[in-house]
Amino acid sequence: MTPKEFDAHHLWHPYSSVSDPAPMHRVARADGVTLTLADGAQMIDGMASWWSAIHGYGQPSMVKAVQDQAAKMSHVMFGGLTHDPAIELGRRLLDITPAPLQRIFYVDSGSVAVEVAMKMAAQYQQAVGRAGKHQFVTPRGGYHGDTWKAMSVCDPVTGMHHIFKGALSIQHFAPRPPIAMGQDWTDDDAQNGLGALRAILAENHATIAGMVIEPVVQGAGGMYFYHPRYLDGARALCDEFDVVLIFDEIATGFGRTGKMFATDHCEITPDILCMGKAITGGMMSFAATMTTDKIANGIGSAEPGVFMHGPTFMGNPLACAAAAASLDLLGTTPWRARVGAIETQMRAELEPLRALDGVADVRVLGAIGVVEMDHFVSSAQAHPISKQLGVWLRPFGHNIYCMPPYVTSGDELSKITHAMGEMARVL
Ligand SMILES: *Cc1c(COP(=O)(O)O)cnc(C)c1O
């Protein structure tokens, strides 16, 4: 079997079938913003490896940080042991996150960060004497990961509720925040979505532990950008009904929307914040869940007095070193200006695509560009076009989108937007 045949026959890929395998490009190297395939062909990576490779690939200071750490200690258990990479990363995270978030739980992936956040909310409610509160409310259109609890708060239509019906926890779904980013906000609760959220909380607050929401950008659930004022209103409602507010910043964190975190678009802060994807600059899987003293102390105040979670690879030193190196780069490179320039250029180059047949909407926020079609776009059909045009894009649902590394040059970005236009024309 050739390597490609072996792959097709034996290896599962994300959301794929091994009996009817999807087309694959075999990548041999990744340097800067470029993927080099095994046959020598090259593609600019418009996806930044699912939002994570914000500095591009092979960034020397990050490679060195991981190599140096690997030579010293690639892993030790975090139970009963600690180490400088975890401490150094913790210091950096406190510097860039809202001040109330003081307590950090390291995990292996985004979905687990969401599991941990939901578990914290439930354990907190139980510890402070509100034992009936164990369900969650979330807006429609969300995506929070593929593990069980995370899956239960994904959009009930585009998520996996129909497949795993009966096996998933029952949650409460509020309407998607109806006022888009850039539209005028209204305080009329009947129009801004907060009336519907209030109604759910008023009726069910005795059983609701927390609200899970992606702030400002709903990512894999539909690439939708909504008005940050919704979050101010949600915060007030969560306070009124003793509900823990959880921001899932796994897609938005570390500058993607033009601010360090999407929560920086609004005045309020969440009780719990999940981060992942870009945390190691795409070097490896890692994530973190941060919370306040109030939640942490609440959990500690009652039996069993400890937070009941502890992954084997918690606080992995290699991942901590990679994350610290990535944050140092954010501290020393002009990422805000770069993301701003990417935003301006994408607006100019994507906006004209509105005129094409089949294009329903064009949206840009920070380094996220979306061309929404009025029909389903097949990623399998997009696959050969990527190689032909030398730009890696993987459309999903109705959306042809990109979220390039921040170091993408103007010329490279033009190739990406051109490829998005070609896909909008032919798919
Ligand atoms: C990708 C993503 C997750 C899941 O992260 P994994 O690392 O894939 O488990 C959760 N929430 C959001 C908002 C995401 O974009």
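Including glycine, each Cβ sits where the backbone N, Cα and C put it.
TrEMBL does not curate its annotations; it predicts them automatically.
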Write down the one residue from Asp39, Asp45, Asp242, Asp248 that TrEMBL lists together with Gly110, Ser111, Pro311, Thr312 as binding pyridoxal 5'-phosphate.
Asp248
Candidate sharing the substrate site with Trp50, Tyr143, Lys277, Gly310 (per TrEMBL), from Arg394, Arg425:
Arg394
Measuring Cβ to any atom of ligand 1 with a strict under-6 Å cutoff, which of the binding-site residues Gly110, Asp248, Pro311 qualify?
Gly110, Asp248
Under 8 Å Cβ to Cβ from Arg394 (substrate binding site), same chain, six or more residues apart: give me those in sequence order, or none if nothing qualifies.
Met47, Ser379, Ala382, Ser386
Looking at the binding-site residues Gly110, Gly310, Pro311, which one has the fewest other Cβ atoms within 10 Å of its own Cβ?
Gly310
Given the binding-site residues Trp50, Tyr143, Lys277, Gly310, tell me which ones have a C-alpha lying within 10 Å of the C-alpha of Gly110 (pyridoxal 5'-phosphate binding site).
Lys277
